[in-house]
Every structure is written in structure tokens, then in C-alpha cells.
Amino acid sequence: MNNLFKFLFVLLAIFCPPISDLVVSHGVPQQHITIIKFTTNFAFRTTFYKTSSSSIVIGEKITLGTLTFGDGSSTSVRASVTSFDTKNDWFFGQFIFTKTYTALTPNNSKQYLAMFTSCCRISTLLNNKDADWNITSSVYLDNKNWPSVNHSPVSGMLPIVQVIANKNNNFRVIASDPNVDDKLSFSFSTVYPMTQPSGMKINSTGHVFFLPTSVGLYSTQIYITDDAVPPAYAVVDFILESITEPGKCDPSCSNGGATCNGNSECKNCANAGSTTSNTCSTTNYPPYFVSPTPQDNQLIPFTVGQPNSITLSCKSDYTTRTVGIQAANVPAGAAIAEGTSSQGTVKNILSWTPVAANVGVYVTSIFCYDSNGLTSSSRSFTIFIAKPECGNGHKDPSTGKCKCDGDKWDPTSNCFDCSTGYYGQNCDPTPPCDKGIPNEGILGDGKCMCINGYSGDKCDVPLSQSCKDLKNSILLSTSVPSFFVNPTKVQLYIESDFALTTSLNIPQKLTKIDVFVLVDVNVASSTLFGVVQSSISTFVTEVSKSICETTQFGIGYFSDASSSGFNFAPGSIIGSNIVNTINGYAVSSYTSTSSGNSLLGATNAASNSNGWNSGSFKAIVVLTDKDHSSNSAAITNFVNTYISNSIAPVVVGFGASSIPNWNSAISTADFGYSTVSAATSIDISAKAVAGLKSVLSNVVYKTDNTTNGASFVKSTPSDVAVSSTADTVKTVSGLVLTKPSATSIVSPVASVSAIGFGQTDFSINYNRPPTPTGTAFSVNQNSFATFKLTGTDPDFNILTFAFTTFLTSDVGVITDSNNKDVSTQKSKYYDSTETFTFTPAINYLLPISVSFVANDGCLNSTTSATVSITINKVNQLPTCQQKTISPTLNVANKFVLSASDFEDATPFIQFTSPTDLTAYGTLTFGGVAVTSTSKIPTSSEITFTQTVNPTNAIDVPVSFQAVDSVGAISTSTCTLTVKLVHTNIKPVSSSTSPISVIPRGSVSLTLVSTDSDSTSAKFTIKSVNKGAKGDFYTCSTNDCTCNSTQTNIYTSISTTTTYTSISYTNKVANKLICFTNGEPSAISNYASISFTSTDNQGLESDSVNVVVNIVGNRTNVAPVVTKIQGYSVYQDYLDSDAHVVTGTDADIDDYNPPNVNNLIAIITTPPSNGILVTLQNGSIAATQGKAPFTHYYRPNPGFKGTDSYSYQVVDTFKAGSSIESTTVTVNPINHKPSVVVSSYSFTSQSGDGETQDLVTSDPDGDSVICSVVSIPSQIGMYDSDGNLIESVPTVLSGTSYSFKLLDPSKITPTPFTSVSSSFAVKCTDVTTKTIPFGTLSTGVVTANVQYTYINTPPTTQGGTVQLDQDTVKVFTFNGSDIETPKDDIKVKILSLPINGQLLINATGVALTTTNIASETYNLNALSYKPNAGLSNWNTIDQQSPLDSISYTVIDQQGLTSDSDIVYFSVRPRNPPVYTGARVIDVLQNTRYPLTITSRIGGGGSEVNIQVIGFTNNGTLSIAHNMGSEGTMDSEITSYPNQQSGSTSYNYAYMPPRNKYGNDFDFIYFKLFDGDLYSELYTVTVNVIHVNQPPTIELVSYKILDGVSSEVLFENTSLINMNINTTVLIKYSGNDIDVDQVTPLISMIPNFPLRGSLYAYNPTASNSSGAPITRNSSNVEQNADGFYYVVFVPSKKTSGESYARITFIMTDNGGLNSPIVGVLINVNTVNIAPFVIIGNKNYTTQTNLTASVMGVQFDDPDSTTNNVSIVVSIVGQKDDKVASLKDIKLSFTQSPMCEYHQTLASITCIGPKKPLNSSIVSISVIASTAGDYRLKLFVDDLGYNAPSAIRAQSHLNATGYVDVKVNAPEATTQTTNNKTVLTGAIAGAAAGTALIAAAAWKLLRKAAPPTDTFFSEAAFLGDGVNANPLYEQSASAAENPLYQSASDNTD
């Protein structure tokens, strides 16, 4: 078994760290009691895994088997090599695995049994050889006591511990416990049955005492447990190597000093003849450990993060020897620096700088060895690494927290785990990871886990590309150098026809050929089958000689018997000795009929797992004597099966004239070989060898049509001839793959087979059309939105997209990134990165959709997808229209301002600063003055009355806004432009009236026109009443000095007279006219004249009438004007004091009426910078009037300084006074500043609000300071510095301010709504003026602020949902919206998954396209269910997400998010798949090698098997292939039974003897991968009836002597009969076959040499019928169903083993039973002995000797042989032997006799003559009177019977002599002596058995060694009646010769 798996040592320890001990990587679930760390240590033979013991390296990973966890899950064990020993050929490995068990319910506990088990132990073990090993440990989970965790013990031993044979050895098993207070206890393991070494003991402290009695290997397993409750345990399993202690040859020997194991190995020694000297001395001391090597069981603490070292030192007392140290179970990461041996000493240094992850207990074992092969005892010590407070750091005393050693350690984990960006035990920097997530953390491996669409170590290789960029390419190929055909596996992409070359590498000398022979076991005769058996032997020999000597063979059978045939049954797998297999095959029947199933058998054989070797040429040789009769479908299946398995068929029809059907099938296949042969072993073998050579000579390529990608194979290579003289190394062309024109196969797989030589499997990728992904989004009314087109491609090609439908302009427009309308580029394809902008038509609200297709560079998608657009209705802000009006001064001007709103038919108008207009007049609506808060319905009349006439035309802008019904204000401000023009004020005409003129006198009068806005005037005379003698005239001299006679200068005035171009000076134009009259006396109202004045702009004043009175006739005195003293007024203020122009007139008394002041005051020069008005608040200019003429001075606006005006008084005679002037000083005052505050509106989408400015002004140029005196509600107002204004008043540092909305979710009463509010500002100037007042303010100015909340669309982010295959996963869409509670957000599905379903959680109903078109769902309302059996494994790269959907989320207001995608990553959960047969046909009484074949499930990693149950009619075993030692079956005795670590598992099924039938047994099993279990598979076992040979049973025999009874044979086949007798032999024949309906034929195959046989005739006198001879050997069945023969020995002959008679049965199938025989002893007759008694009665007295004479015996047929006699004194009833206390007897001579010690009995053995001499005189003396009998018992010991029955053939005889003993007469008493004697005899009863025993011992002593005797057990009873010495022969009553002697014998 050198090539077999050698298990040396396994230790399984469970380390259950508390939560603080665990170091977890990023993403690992939180630590818990259910997280268990397993540490397993293994030692195995290095050369089982490696080519040499030195080819292994530290750190190498080696797969060893499977560790099961007790919960149905397991993991593959890949141990990391930690140490090795090249000399002893072992390595030590460690495997650490962290297992998470199912969470426990509160206050609960659970126990699991972890196990590492397999077969087989090394076969050279002295105990437990070839047995399974079972290494276990218990896991106890208890969350009641968490985090107090009981850790299992930890131990370590050398894999092989050497001990000295036949000496006491003592060593210690070392173990430690992480729970340092736990006490450990050691014992032999009883966890699993095993045999511990004999002579080995272990105490509870771990001390082992071992005295091995043999040299060799022992295995042991030690159980180590702690004292916790419940306890935790571990086992350590290791090997003890018992060796002979080596010695040294004596120096006197020729090889003195050499190592020896015994004296014989020391040659030519001088002291060889000495009887006391030992030429091989064992005083040879091994090396030993010296200080500072740690002591056994020493605990050595190591510190995390610091270098630690241990010195190991070994010494030998022999300085010339080289010594070394071997260590085992060295912790991973620790290193041993080996020193150089010098002077018999060596030092090694074990060094280790442990990291935090190494916290724990480590037991390391060491031993010394020297160059002479001596080893020290092993020593073990414990390294204990305590958990530091700060793993890879230290505690900072200033903070009390952990400070890590560098940035790579994470302080939040107390420096036990890596920081982000680091991985592994040393927290190395993670490699670059471009498009992925690095596997970080202390348990991470640093690998980059790519996101979908990327690959490569750095995840920087995009998987996507354009189809047009792809060419035919091989993505991956696998070549196996040892295979004939390469590559074996190819993954490729096909765009068009692709020619692929393969290679052949067939050596001239083939070394790998597998041949499976399929034998037809239904042949015409046993002779022909014998030929077939011989041909197999010849075939194997010839193939090995002429083709390949390393060919491996297997064999199987089929039977074409018409009634009981079968298609296929395996015999033995490839690599077996098929010659032995076929020679051991028992044929059930021989028939010449055939069912023609040979082709079906060949198909089944090719489908079976026959143990083919990888890389071998595979052939099946079919040997059949009949042609097949299968139909075309079966032939097609045959061809496909051989192609798919790459097997070459060779068919030999032996003994058949032709096999045309087989020839046709091989021709159809176009490969293989068929021929016929003669029915001889030589020809059959020759034809089979020729066929094998034929299929080996040519490589035929065929496509496997059973694969789903067979249509992709366009052509296969042509046949290739295999060279017989050289290696066939060739590149083969002709294999062309193509893409079928129309295919939808997902992941096609094709296979091309080089028949027999191997095959190439193709995983094919090809371009498939992409799928566009619909999207949906929403856009706000009159806004815009951007979107992209998306899609998926199964081949990850880069996609472009094209629209297939387009929008019309009345709906909206879609533009690309270049702002081009896509509808104008209808054939354009856009990249996936293109961003489109959709702008809906103004106020368009209906849903919109457009369609598009995806293109992968080669193909358009077969369907289009839709972009669905929802336009969200948003409250549109109203708009207003500009307006211009041109009012008329002092005229009510009515106008209408226009505004519009999408929602409101009648929005409102609101002026933002109406004071801008009211400075020029009044602004009213409905009779009420308009303010900034007035809301005026649109289309309503507004009235403006201009009251201020500007000097020049000006445009007054007045801002206003539109406001809708919800208070939303238009974003833009409109302007009402009021065009104010200067209104020409008509002049005011005036003149003094009446005027007086003296009779015949003249008087002047002045036509006055006052006008403030004209430059010249025209006076028009409207009427003239001259009076009778009067005239109105003018003089060209501008005075009244001319008269009518002076016509040249005198002009009379008439109604047509006008005076033009009279300039205004100081707003006054004057025209002097004159009146003259000729009346002599005064006349009142004498004349009159009326006139108007017209300014140069055409306005005419009212008409003024001047009346002329003719008065008096006297001399007038001019009046005197009163001077007004200078005064002062305040700027911009009307003088509050009245001033009067008046005067005095000297001749006032001349007036009529007298004393009336008729003076006229005239303002001759008005003020230049102000006006004089007649009323304090009036507007009528004061020009003249009756004196006293009151007036007020009003300075012009803004004027300050001095002004003056002049004045005079005129009397009624127009006599004017002098003109006086008065100076007015206008003192400056402080003016009120002004501020313009605009209303403001902003939205939630316009940011936080723009900065606004106050427009301030001050007429005096003073600085203006503004304060906010009221703030808006729910809208934050910020000052010039950006600080929130929280209290009022607040002074602004500048004139700017801004607004921000406070938290929109806190708007009341409804969050996320619009807010209308107002704020107020008050500004003051900065002045030094105090009179008449100081600082002035603008007053409170209020403005509106409008915040319009525009609903924000929700947001979402796609993701990946992880779930397992064939499960349903409830998931939640990612969706958020600031306005909408999460529970109210809905999701709209845009596309359904392709490979699964979306289900409604509440109902389980699957969504359809109809559902998703109209319905929305809660974010958590759906679940995903993949289609059955589908997972990521079914994608092109077998790892991409299986499915995806596109979706969008919708808020409460109907706004939708951008669409996104949810991917469904379905973890493959494909259990392993059983690929073998579900029904097996097993031949009756035949072992069936059952191989459970399987394949790893898609995405899986391993295949394990668990046999669940078995119906147990037959026997199911695990078949262990022991290589050259054959196969060993170990019966499965309990279920479930589990195996791991392969994809095929070998079992053996054996039906019970002679049982058969369909559905005979059922084998139930599951395959599993980790915790993933397959369906329950059932293999149905049909046990096929095979004709069984009949059997013979010997029943009985009877001696035909008339008296003998029938004797059953029972357990013997021996007949004892006497000489000259006849025996009748009875036997039966049986056949279990139900088809055996006729009686079996019985024959006598071998006749006895002596005696005669006869048929049985019960009617004959001697029962003998016809003689049975060699020519007539049949024995007919009797009517009772039995067979009888009569045997008659030859007369007068006898002897042991006299004759042997054999019988055989033959069934109707021609099968013979095993031969059964009887052995007959013909014995001579043993003659019974007899007793001769002379005197039968004697009388004597007590204490007197009586001599009994004449007692003799004879045995007629005894001469010199021994006989036995017993002479005893018994009672009258012969029931008890008398005691020696009562009576004694003796012989005159007794050399052959033995006296009983307590009873009156003598036993003698010897020939009869000396015995008779001994009893010639028998002395009897009694001390007790009574009636006695002397008894002689004779036994001939059966010596004349055959020795075999001697013990049963004893004959005997008995004789009696009555002896009456009387008491002396003098002492005679009346008491009955018989009674006394009876009591004496009764007292002696206990001794009877002793007498018999003594007799037996004597007999045995005298018996010859070869004699057979009864055993001592015969004498163990209480009485003698059961003793054969005391019984008559059973034959004595049947034959007079055997009659025993009686009392009357003479």
C-alpha cells in the first residue's frame, strides 16, 4: 500500500473566542457566540502528495479532505504546511476556519459534533490497520452564559513518537486550555470505536506508560477534556513507532562500533564464545535536550507585536555525532533558524513576532536525533499569546484610548483590525481597485471585487465593447499535456465562420489505454463460455504484449437470453484483473436463443462510469455470439453515446456466420470496428486485438449531437492516420465553428470528439441582440428635464440608441447635447453617454412618450422601449403686461392693467410702489386710494387724476405685479408708464376795473396776462363800449399822450383789435391801452372794454371786462405804498405769516363813497424763486388786488437763499405810488428722505434668494440709515452681512438684504407649500439740522415677499438585490423625497424582469405589462422570484446579475424621479447533480460495483454524498480501492452515511444469497455542496435472476438390518455400518430457480472402489433395485421427492473410509450442483463382554475378612487392548456405593487399579488377563453389618469399534455377588442392619461422582494419545446414573450379542 493514503496524525481543536478576541474584516457580521473558530492540525505522509519528501515547502496549501460541522454543513480542508520532516517523510499542516452556526434563541444552548473522518489508516499498523479515522470535537453553544465561553483544549504531538520495544516507555501528552483556570484530564478516546495499543496506559495527567511487545507501528487517540460544565474536549491521534533499541558492536569485533540490533550482526568477535559477554551492547545513549530548552509542559508567554524567541538545544554524549532538532506543530508565521551541529551539540532558535490575530494557545512538540539514528524522548511546550488591550498599538495615557502603530490599524477596533485601504494579517495596503470594492480588513485577501461590467485584477478592464469591434476570438482554452487531444476546453466568441486548429500528440508507444470488455454471457453452452473465458485471458496478454503493456482493463456483461436477459451489469472497473473476474462468473443458463440486445448493452456500457482514466484512449470491446436487432433510434443513441463519451467500439461476433446489423451500425457511426471470429479463444482474441489496433490507427472526428450547441459546428477535421513508427504530433485543421442564422440558444456548448482519443468541449459566445430599457421621468410644467437612453446587452457590448418615434412642436421638443432637435436627425444613433433635454410646449400637460431601439454595433434590438414623460402641473405664476397712459392734468384718467394666469381667469394687480405716481396726482380704485397692499382684479378700471403739472414732459414708471388667487406673485415686475406732459395753463387776464377818468380826460389801463408757462401773449379785444364820446386807443409811443388827431400814432381800438407777441416777463405780459372821453361830467359805467389773452401755445384766458367811470374833475394825488420789511421763511414751506401790500392816498376822501380804500395793490415784480399766493394753502398767484392785499410767500421746491419781489399801490385815478421791494430770506431745512422697497418673489428652485437693494435718496444729500421694522413670517430675512434678522427693529449695515426659506418641512399649516408675507423698512437721514426739526424718516414702507414652493421630484438610486437561486426575495426600492413620507412614495415599474417575476407581496400575484402600465406600488410591496433553476450561473460570464428591471419613484404630487435600474444577483444554489443510472440491474448472487457519479452544480465548489437510507434486503458497502491490493468493502451499518471530497463515490451492492426480483432494494441518497442539498435520489436495484446451480442435501441413512432406525446426517457426512450389512442413503436435490419445473437429474459422478450401488426398490426384500453403474449413473427421484441409493459392501470386508459415494444434481439449464459425497466406514462387530460369577452369596461377620472367589469376566474380541472394570460394594438397590467407613475391599494384586479415597470402589484399566488375575480373590471386611452386593462392572472401551465412533461404541456387562455381613452374636441387636446400611450408603452419596471421576482419570491415563474419549464434563453431575461408566450400551438391548450380565449369569 505504498501508494495509498497514509494518515499519521490529526488534531482537531475548537477555539471559541469571546467577542473581544475576534478580529473581523469589513463587511463581516457582528461577532456572536455562534461564531466558532476551528483550528485543525494534520500530519500526513509527504510522498502521498508530493513526488519526494523534500519537495514540500512551508506555506504550501494541500487539500486533505472535508471537515463537517455537525449541522449538515462542511468545508474542504486546505491545510497550510507549517513544518516537515524529510527523513521520516511527514509534513505538518494547519487549517483554520471560522464557522457561523445558526443563531440561538434567548437563554438557549445547543451542542454540535465537528468531525474529520475518512478511510483509511495505514495498512502496516499493528492495530486499527485500514480502519477509518474519526477525529471529533464537541461545540457547545450557550448564550445564557455569553460572553463567558468555554474554549476547547489545545494539544500538539509529534506525528510519530518512537518507543523502544520490550521496554517500559514513558512520555507525556501535552495540552493547554485558553481558559487558563480549567483543569485538563486525559484518557483513551472512546468517541469512536478503535483498538488502543496493548500494554499502553495513560493517567489523568497525560502521562503515558507503554511496554510494546512488538516492533512496528501502533495508532492511538487520546481524549483531552476540561472540567467545565459542559466540558469541551479535543482529541489527538498519532502513531507510536516501536523500534528495537540499537546497540554497538563490541570493539573486539571486526565491525566494532557499528550500529547493531542483535549479536548476530557483530562479526568475528573475540568474545563470541563467551557465555556472559554480549557482542552487541545497548549501552548507546540517545541525544537529549539541555538548557535553555523549555521543559516539558512549560508555558511560555509571547507578546503581540514584539519579537519573541525560544532557544532549543540538544546534546549527545558522543561528540563525533551530528545532532539535529525536529519540530512539529510550529505555529504559522513562526520560524526556526537551524544551527550547525558541533561537538555533539546543536542550538536552534524559534522566533516569532505574533500579531493580534495570533492570540491563543499553541502546543509545539520537538525531539532530538543523531547521526546514528537515535532519537530523544519528545518534549512539548506551550506558547501562550495573551490578548493585548490594544492589538497593534498601545494605550495613550493622555486619552486612555488605543493608539495604533501606524495608520494601517483601525483605532475603532482597538487596533485589532485594519483601517480602510488595508488587508490581511499584516494590514498591507490594498492593491489598486479601479471599478470595484477591495476585500479589506484583517480577514480580507485584498482582491478587487469588480462591479458589474468590469474585470481584471484591478477591475479596470471593461467587459463592454462594441459588437463591430469583436472578432472571432478564443477567450480561454485548457490544454492538458498528458492528453492526446488538445485543447480540451475552449471558450470562444463567434462572429462568423471560425476555423480552429487542435493538436494531436499520440506517442508511438502508447502508455495510457483503457479497454472495457463487454461479454455476452448467454451462449449456447458452457463449453463455448469457457472459450470466451479463455479468450479474455489471451486478449489481455496479447494487448499487453503487442499494443501497450500498461493497458488497464475492465469488464461487464449483458445477456441476450430471451426470457431472463439483461442489458448491462458491471463486473469490475478499469484497472481490475478481468481474467479473475470472468473466470469467477457463474453463468445462469445456456441457450441459443437471443433477444438481440447486444447494441443496447453496448450503449449502457458506454453510459456507465467504468472507472475510465483521464487522458487514456478508451475502447469498449463487445464479444457476442449473436447479432443485434435494435431499431434506428437505438442505433442513433448508440452512436451519440460513443461520440459524447469519446469511446471507440470494437465488436467481435464469435461463432456467428455474420453480424450484418452490427456492421451496419458501425458503418452508420462511421467509426469503430466490427468483425466475426471462430468460436475459439485464439481467434476471438486475435480479432479483438485486430479491432483495437484498427481503432487505434485512425483518429476519427465527430460532433456530439447531444449538446445544445451542436448546430454551431460547421465541419470537423478529416480523419488522421496514426503512425506506427513514430509519434503522431500534428496540428489538425478543418474544425470550423459558425453561428447559425437564427438561434436563441443561451450559452451553447458544443463538443467534438476524436473517437477514443479524447474530445474538445466548446463554450460558445455569440452576439445576441441588445434590449433597450424603458425609462420614465417627470418634468415640471413649462420647465425642462434631461434624460439618457439605457439598455442591456447579454454580451456586454457598448450600445448606441436611435429614436423611432418623435414629438411634434405642439407637444414639446427633445434636443441633444448640441441643442439639435432629434426629430430633425431621425436616422442618427446616439451614444449611451448622450444627454437629451426635453422641453414641453408652454403649458402642455398631457403624458408624452417616444420609442427607441438599442444597437450593439451589429444588431438593433428586436423590440423598442419607451421613454414615458409625465408633465407635472405646477402653479404657474401669473404674468402681467406693460402699460402706458398719458393723463390729462386735473382730469380723471381711467385705465385698465392687464394680467394673465394659467390657472386663474382673473388674477390681481398689485402695485409695488404706488407712491411713485401719487406724487403727481391721485390713484384710486373704486374710489379708494391705491396702496402697495391693494389687490386690483385685472380688467378693472383704475383712476389716475393728475394734479401736478410738471415743468417738462416726464415718464413716471410705476411698478406692479400680477398676483394669483393663492398669492403667488409674478416673477417679473411690470411697469405702468405714466407719460406726464406739461399742461399749458391758460393765461389769466386781468386789469383794474373799474377805472375812473375825469371828464374829458384820458386814462390808461393795463391789459395784464399772467402765465407761468408761456413766453408771449396775444391780447384780443372781445367787446368795446366806448360810450357816447369816448374812445379806447393806443399810442405808438406806448403812453396816452397822443390824441385822435395824431392819426399816425393814434389807433382806435375795436373788437377786431389784437395785440400779439407780448412777452411775458416774470410770468406777466402787459399791454397799455388808453381811454379818452369827451364827457363833461362824471358818468358811472360810462364805458367798458373786454379782452382775453392767448398764450403762445394757443390757450386763451377767460374774458376780462374793464368798466370806465367818468368821475370828478379834479387833480389827483398819487398814493403812497407801505414798505414790507424783509422776512424769512423755511425752505419748501409756505410762509405761515400773511404779508399785506397797502398804502395811503392823500385824496382818499375824494372817493365816492368817501373813506373807502380803493387803492389797488400791484405786485410789480414777482419773486424769482418762489410765488406769492393769496391763500395760505392756495395755488392762485397773488398779482394785484385791493389794498390791503394779503399774500403769502412760497419758495420754489428745494430753493434756499434770498428772493425779493416789488409792489406799489394805485389809486382809482391810476396814480401809482413808488415801487417798493421786500427781501425774503429762505432758510434751509432738513428734508425727509425717501426709500423705494420692491416686493420680491422667489421659488424653492431659484436658490436661497438673490440680494435685493433699497433705493434711498435724500434731498439734502444726507446719509440714510434703514432699519427693518417688521419681518416676514416663515421666510428668513437676512441683513447686508448675511445674518438672519430675528428681532426688529434691526438696522441694516448697508442697503442690501436677502431672503431664505426656513426649513420647508416646517412651513405651517402645511409643509412644503408657498408662503406669502410682507416686511417693512423705515429709513432715517443723518443731519445736523435741528430747526424747525432734526432727523426725519421715510416712515414705514411695506413690501411683499412671495416664496413659491415648487415640488421637487423624488430621487432614487438603483442597486443590486442579492438572493439565492429558487428563492423569493422581498426587497425595498431606494426612494426618497423631502416632501413625501417614505411610506407614501410609490414606485412605477417600467420594465419587467426577463428571467424571473416581480410578485406583489400581499397577494403573491406576478406583475404583468398590464399591471405596470397603470399601477404603482409601495417601495417595499414587491418581491423578486427568479425562474426555476436560473441564477447568475446562467449569464454569459456566469457571474453577472441574472436579471434587472427599470423603474422610477413617484411622490405624492405625482412627480417622478429619473429612472434607474435594480439588478437581481441570484447566487447559484445549484446542488450537485447525479449523473448516474437511476435503475441498476444486479445479477443474482453477484457483487455490483456501484459508482455514484455526479457533477458539481452550476456555481458550486464540491460534491459530497449522504446516503440517507437503504432498504437493507441486500448489503451496501463503501468500496475502497486499495490499488494493487484490490478493493476492500466496508459495510454501511448505520444511516445517514456521508462521504466527501470527490465527484464520484464507489460503493458495492451485494444481493442476499439466492434472492432476486424487480424493485428488490432502494438506495436513497442526497448530494450536497456545503449546506446545499440535492433532491433525494433513489437508485432502484433490480436483482436479475441468474440460473443458480442446484444443491444437494444429505438427509439420512438407515442400516437395513431390520432393527436399526433412520439416522440423520445432521453435521456429518459419515456413515458407520457393520460388516455384512446394507445401508440405504437418502438425499434431496433443491433448485431455487422458479423455472425449474421438472425433477432435477441426479447422477453418481464417482463410483466407490469397493461395494455395489443399487437403485432403491422399496418392494424388494432387500430394498435394492437395478444396479447403478458407470454406464447408468442416473438416480431417479422417488415419489416422495427424495433420492435413494442402496450401498452393499463386499462380503466379509470392512475398514475405515471403506468407500466414498458422490452425488451431483443437474438442472434443466444444464447447471450442476457442487458434488456432495458420503464416507462409509464398514465396521467389524464389537462383541460385548460378560461376567462370570462362581459363588453368588457370601455371609460373614463384621470386622472379619471375607474372600470372594470366582468372580471373572471376558471380552471375546479383546486380546491385548485395555478394558475397564469397576469393583464396588453397593446396596441391595444398586443405588449408592458404600462408604469405606462401613466396608472395605481389596485385591490380592492391583498394579493397574486405583482405590477410591472414601468409597468402597476400585477402578482398574488394563488387558483382560491381568485384570482377571487381580480379582481372583477379592477381600471384603465390613465394620457395619448389613446386606451388601459386590458389583463388577466391565466396559470394553469400544476398542473394536472404529475410532471415529469409539466413544459411542462402548459395550459393558455387570455381575453381582450378595454379601451378608452379620454382627457378632454377642452383640446382636434388634435394630435392622439394612436400615443402618442404607444410611451409610446414603451418607456416601456425595462421593459417587468422585469415584466415577477417578475411574475416568485412570482410564485417560492409560488411554493411547490418539484415542478419543469423553470429556471430564461427564462427571460433573451429582449422581452416577448420568455417567457412561454406569450405563449400559445403547446397543445392548438391540442385539443378543450385547446383552449385559445379570445377577443370574453363570
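Backbone N, Cα and C define each Cβ position, glycine as well.
For reference, Swiss-Prot has these:
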- 1-22: signal peptide (SIGNAL)
- 23-1875: topological domain 'Extracellular' (TOPO_DOM)
- N107: N-linked glycosylation site (CARBOHYD)
- N203: N-linked glycosylation site (CARBOHYD)
- 423-460: domain 'EGF-like' (DOMAIN)
- C433-C448: disulfide bond (DISULFID)
- C450-C459: disulfide bond (DISULFID)
- 514-699: domain 'VWFA' (DOMAIN)
- N705: N-linked glycosylation site (CARBOHYD)
- N1043: N-linked glycosylation site (CARBOHYD)
- N1374: N-linked glycosylation site (CARBOHYD)
- N1401: N-linked glycosylation site (CARBOHYD)
- N1611: N-linked glycosylation site (CARBOHYD)
- N1662: N-linked glycosylation site (CARBOHYD)
- N1743: N-linked glycosylation site (CARBOHYD)
- N1812: N-linked glycosylation site (CARBOHYD)
- N1852: N-linked glycosylation site (CARBOHYD)
- N1873: N-linked glycosylation site (CARBOHYD)
- 1876-1896: transmembrane segment (TRANSMEM)
- 1897-1946: topological domain 'Cytoplasmic' (TOPO_DOM)
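Among the recorded positions C459, N1743, N1812, the ones whose Cα sits within 10 Å of the Cα of C448 (disulfide bond) are C459, in sequence order. Long-range Cβ contacts of N1401 (N-linked glycosylation site) within its own chain (separation 6+, distance under 8 Å): V1370, N1420, A1421, L1422, S1423. Taking the Cα atom of each, C433 (disulfide bond) and C459 (disulfide bond) are about 6 angstrom apart.
Per-site Cβ counts within 10 Å over the glycosylation sites N1611, N1743, N1812 peak at N1812.
Non-local neighbourhood of N705 (N-linked glycosylation site): N640, I643, each in the same chain, at least six residues away, with C-beta under 8 Å from its C-beta. For N1852 (N-linked glycosylation site), the nearest of the recorded positions by C-alpha distance turns out to be N1611; the candidates were C459, N1043, N1611, N1743. Looking only at the domain 'EGF-like' (423-460), the predicted model's pLDDT averages out at 77.
Reported as a whole number, the C-alpha separation between N1043 (N-linked glycosylation site) and N1374 (N-linked glycosylation site) equals 114 Å.
Annotated pair N1812 (N-linked glycosylation site) and N1743 (N-linked glycosylation site), C-alpha to C-alpha distance, rounded: 26 Å. Annotated pair N203 (N-linked glycosylation site) and N1611 (N-linked glycosylation site), C-alpha to C-alpha distance, rounded: 51 Å.
For N1374 (N-linked glycosylation site), other Cβ atoms within 10 Å of its Cβ number 17.
Residue pair N1662 (N-linked glycosylation site) / N1374 (N-linked glycosylation site) shows a Cα separation of 109 Å. In this structure, N1812 (N-linked glycosylation site) is part of a helix by DSSP.
Look at the Cβ of each of the glycosylation sites N203, N1043, N1662, N1852 and count the other Cβ atoms within 10 Å; the largest number goes with N1852.
The separation of N1374 (N-linked glycosylation site) from C459 (disulfide bond), Cα to Cα, is 26 Å. All chains included, 22 other C-beta atoms sit within 10 angstroms of the C-beta of C448 (disulfide bond).
On the backbone, the CA of N1374 (N-linked glycosylation site) and the CA of N1611 (N-linked glycosylation site) stand 87 Å apart.
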